[in-house]
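The following features are taken from Swiss-Prot:
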- 1-221: domain 'PABS' (DOMAIN)
- Asp98, Asp126, Gly127: S-methyl-5'-thioadenosine binding site (BINDING)
- Asp144: active site, proton acceptor (ACT_SITE)
Amino acid sequence: MARHPYRRLRPAKSGFPEVGISEEGNIRSLHLGSDTVQSSMNLDHPSELVLSYSRAMMGWLLFTDALPQHITQIGLGGGSFARWIDTYLPDTRQTAVDINPQVIAIARNLFELPFEGEKFEIIEADGAEYIKVFRHNTDVILVDGFDGEQIIDALVEEPFFRDCRNALSSDGIFVTNWWSGDKRYQRFIERLLSVFEGRVLELPAESHGNVAVMAFQSSPKEQNIDKLKKRADKLSNAYGLDFHRMLAGLKASNPNNGKHFHL
């Protein structure tokens with residue numbers, strides 16, 4: 001397929017950034033207000049996690065003993081997580097929340113979202129407000145909220161982190177995509193450490209300075225690095241992602257004694 005340059009599909013509405021799309025080869029990408037890629041889909045393999053940050057955001061699977069019953073996504077984008085979860089975690093229910101109706105419309109029309117029903121629902125709402133309705137009944141929260149220029153402020157404030165912690169089940173995990181080059185990055189980390197009582201891990205993505213930051217409702221039962229390596233073997237085979245690379249990234253970026261993490 002010939003390369004198609006970024007083009008505007010929907011004009012900005014109600015203060016939201018305009019939504020655009022581009023295609024290069026078999027990769028279709030979503031943009032918000034600029035040519036920066038926010039989400040991508042492989043047209044031949046729609047469930048593939050094309051962007052490195054989206055793969056890093058699956059690193060939480062290393063630390064869970066039971067597959068999640070429910071996952072909340074704040075920021076639908078092009079539906080990368082929705083497609084992957086529908087394919088690889090088919091028994092997990094998903095709720096995807098996005099404030100921008102244009103993003104939702106384009107994702108439905110052009111990004112092969114899962115069937116909307118009991119297992120997958122889309123909510124048009126402010127994710128920071130919507131998460132307040134949950135009380136200890138969602139197992140994983142995936143946050144990927146950019147406005148085309150930077151992280152959405154409401155999604156990096158302490159009140160939002162507290163609401164997310166209140167929403168998580170007893171062994172729940174919060175995962176967010178941040179950019180390490182943001183001058184406020186360390187401030188965001190300190191807020192998260194405060195709310196989750198130090199149970200935070202950073203996993204750098206393979207490119208572009210993105211970091212998948214994970215925060216844990218309670219200490220993961222398995223923190224032994226050798227045992228996590230064995231778990232990485234099983235996960236890599238099951239899900240087609242490089243969990244050994246993820247584990248190495250976690251080990252290099254977080255305090256440990258070479259044998260255990262300290263969460």
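One is the number of the first residue shown, and numbering goes on along the chain from there.
Using N, Cα and C of the backbone, Cβ positions are placed for all residues, glycine too.
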Margin query: Other residues near the S-methyl-5'-thioadenosine site, CB within 8 A of the CB centroid of Asp98, Asp126, Gly127?
Written below: Ile74, Gly75, Val97, Ile99, Ile123, Glu124, Ala125, Ala128, Glu129, Tyr130, Gly145
Margin query: Can you tell me how many other Cβ atoms are located within 10 Å of the Cβ belonging to Gly127 (S-methyl-5'-thioadenosine binding site)?
Written below: 26
Checklist line | Candidate with the highest Cβ count within 10 Å, taken from the recorded positions Asp126, Asp144 | finding: Asp144
Checklist line | For the domain 'PABS' (1-221), the mean pLDDT of the predicted model | finding: 91
Note to self: Quick check for the class: what is the C-alpha distance, in angstrom and rounded, between Asp126 (S-methyl-5'-thioadenosine binding site) and the residue listed as 'active site, proton acceptor'?
What the structure shows: 13
